[in-house]
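Peer 1: Let me give you the structure first, and then I'll get to my questions.
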Amino acid sequence: MKTKEFNFFCKNLFDKLPVPVDFLDKDGRIVYINRCFLEFLGLNEEDVLGRVVTEVEPTSKFLETLKYRQAEVAKRHVFSNGKEAIVHRIPIIDEKDNLIGGFGMLLFDDYEKLKQVTEQIEKIHKELNLYKNEIAKMNRAKYSLADIIGESKPMKQAKSKVKKLARVNSNILIIGESGVGKELFAHAIHNESERNEFPFVSINCSAIPENLLEAEFFGYEDGAFTGARKGGNIGKFELANGGTIFLDEIGDMPLYMQAKLLRVLQEKEVVRIGSNKVVKLDVRVICATHKNLEQLVNEGKFREDLYYRLNVLSLDIPPLRQRREDIPLLVQSFVEKFYKETGLYREIPEEVMNILCNYDWPGNIRELKNIVERICVNADDTEVTVNDLPAAILNKTFRIEHKKNQGLKEIMENIEKEIIISTLKECNNNKSLAASKLNIPRASLYRKIEEYNIESENK
Ligand SMILES: Nc1ncnc2c1ncn2[C@@H]1O[C@H](COP(=O)(O)OP(=O)(O)OP(=O)(O)O)[C@@H](O)[C@H]1O
């Protein structure tokens, strides 16, 4: 192409470009320079065209670039007018390896602006890391094995199982009544595992409105649906990547979400709503439920395939009434916690402790914790009294009411019968254990069971 034609061609291409650009011939003469570059240098086209680059701009290193045929990319350069920029100098070589010219371009024509942008980016990065750390802190497992109070046999067994479960990566289903400590155990499994440096994300399936479940689980992109937060949102699975996700109340998950969850567990990847980018997942899933999932499967309310996928390993946490010996330890720890939080010292006398130990605790440890806190608040003095206990607990503990016109013998028999029934319940109907707890010979227990017709009532 002739110089004139080339110049015309470049004008069409580069004159409207807001980036300074020029072309040189093989001897370093400027054959084209765009308007933006002229403005930057404060020169007119006539002062520049056809002249050797160093005559126009004495600081230019372009002649060396042409001489050594070596491209220089993103170099900082100070021009004779004092302006600083990031420049590219590229030698142009033809197919026969001959040098035919050079191409120059300024990336940032205002170095100060670049510095500001870089500083701004650095600041944003720092802030982003700060938020990331905060989010990571929020998504940490707070409890470890040491926080799980209980020395009863079933608790010791459950705690030692935690260590085994932590060693592998399979999904776990934790079963137990409400308030037994399922979430606490999930935290402990994560903390004992190799994933403990990664997030622990907890999500309660029954607490999220059905229409938001998918967005919460898998996240969404900006404008994915009406009401979606600007900028989109990361899903809990992505948030838990590398760590553990705890899906509480899994039995309450609607069927359509069960299908989606199954897909994620099978594929080990997730796609945000409104996006087509696949995110690979490495997340351990721990689920919990107080419902009978097998029954839900039989009723068609829970997918069988999902049940088997979640229930690879399981952990059964017994209700508090089956491990009453843990009650004094738990009460003591809740009283200490109350003292630490409020500075109010409380003591639980034996008669109050006995009542607490005999109550059945349908709400398990959560209920016990609440009641202990309540009686600590109610107490007028350091020593808590029976009167500080809620009536509901007192009524249920003193179940043995005698009917009018009953003689002492009959009343005593009723009391004896009640005690035997509750001890048998406590011992899971193990008669030898019950006899030893009641401190009577086994034969006496059998006789009384028959006498009071307990076995048939107990079935
Ligand atoms: N062994 C324990 N030692 C100390 N605190 C416990 C213990 N078990 C449970 N808790 C406490 O009791 C409360 C209820 O525990 P958690 O939430 O883990 O029960 P959950 O079985 O998951 O209940 P839900 O089924 O209702 O979700 C929490 O405050 C927890 O810290």
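Numbering starts at 1 and runs along the chain as it is shown here.
A Cβ is built for glycine as well, from the same backbone N, Cα and C atoms used for every other residue.
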Peer 1: In TrEMBL, which of 2-29, 114-141, 310-337 is tagged coiled coil?
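Peer 2: The range carrying the coiled coil annotation in TrEMBL is 114-141.
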Peer 1: Please compute the mean pLDDT of the model over the domain 'PAS' (11-51).
Peer 2: 92
Peer 1: Take the domain 'PAS' (11-51) and count its residues per DSSP category (helix H/G/I, strand E/B, coil), listing them in that order.
Peer 2: 15 helix, 10 strand, 16 coil
